[in-house]
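Read through the structure below, which is laid out as C-alpha cells, and then see the notes.
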C-alpha cells in the first residue's frame, strides 16, 4: 500500500485552525472509506499524564489528529517531535536538548505513506517558523515536496499574511492546491470582502469558509468544506 493522496497543511499564523481543518480533511477521507493517517510534524506544548506504564506526554493537536484518522500510528511516527514547552519550536527544542532534523521527519512520512492510502501532514505555526538555527517549516515543506493547503485565519491583517504565505510557498517551488478561510475573529468587519479579495488574488481554489464554531469538531468543520478539487482526492 502506498498513499495516493498526500498534503501538507500550513497556515498564515499560529492558532488559526490548522488542526481543525486537518481533522476535517481526515474526517472527509474516512467517510469515503479511505485509510487515512495523520502526522503532526512538530508539536510544541505537551502535558504529562501518569499511566501504568509511567509518564506519557500528550499534545492536544496531535491527539485530535490521531482521533480523526483511522490508521493507528506509533507515537514516534505520528509526532516525530513532541516538545514539552509551548513556545517557538526551536526554543522549545533547545530547552529540551533536542535538535529538530527535517530528514527524520521525512523518514517518518515515508514510512507512514506505506501504511495508509492518504496522509495529512500538519506543519507547526505559520509557514516560516524556525525549527533550528538553519531550517524552518518552509524547508520542511520543500523537503516533503507535498501539495500545500493553506489555512487563512480571518482577522484583521489576514490579507497581507495570506498573500505573503502564498508567495513563500511558490518561492519554495511548491504548489498551493487550495485554501480555507477560517473565522478566527467572529466580529471581523467586512470578512466577506476580505475573502473575495483573496479569491481574486490567489490562483488556488477556495475550499470553503468555516464560521466560528462553538465546538471545533471535524464533522462540523467538514460540513463547510469541499475537498473534491484537490489533486488525487479519492472519488466517492
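Cβ atoms here come from the backbone N, Cα and C positions, even for glycine.
The candidate list 61, 63 contains one residue that Swiss-Prot assigns to the ATP site with 122, 123, 124, 125, 182, 183, 211, 212, 213, namely 61. The Mg(2+) site recorded in Swiss-Prot includes 61, 122, and the single candidate from 19, 23, 165 that the record places there is 19. Sequence-distant contacts (6 or more apart, same chain, Cβ under 8 Å) of residue 123 (ATP binding site) comprise 8, 9, 10, 11, 18, 41, 42, 129, 137, 140, 141.
Just so you know, of the recorded positions 40, 212, the Cβ with the fewest other Cβ atoms around it within 10 Å is the one at 212. The binding-site residues listed here are 19, 183; among them, 19 has the most other Cβ atoms within 10 Å of its own Cβ.
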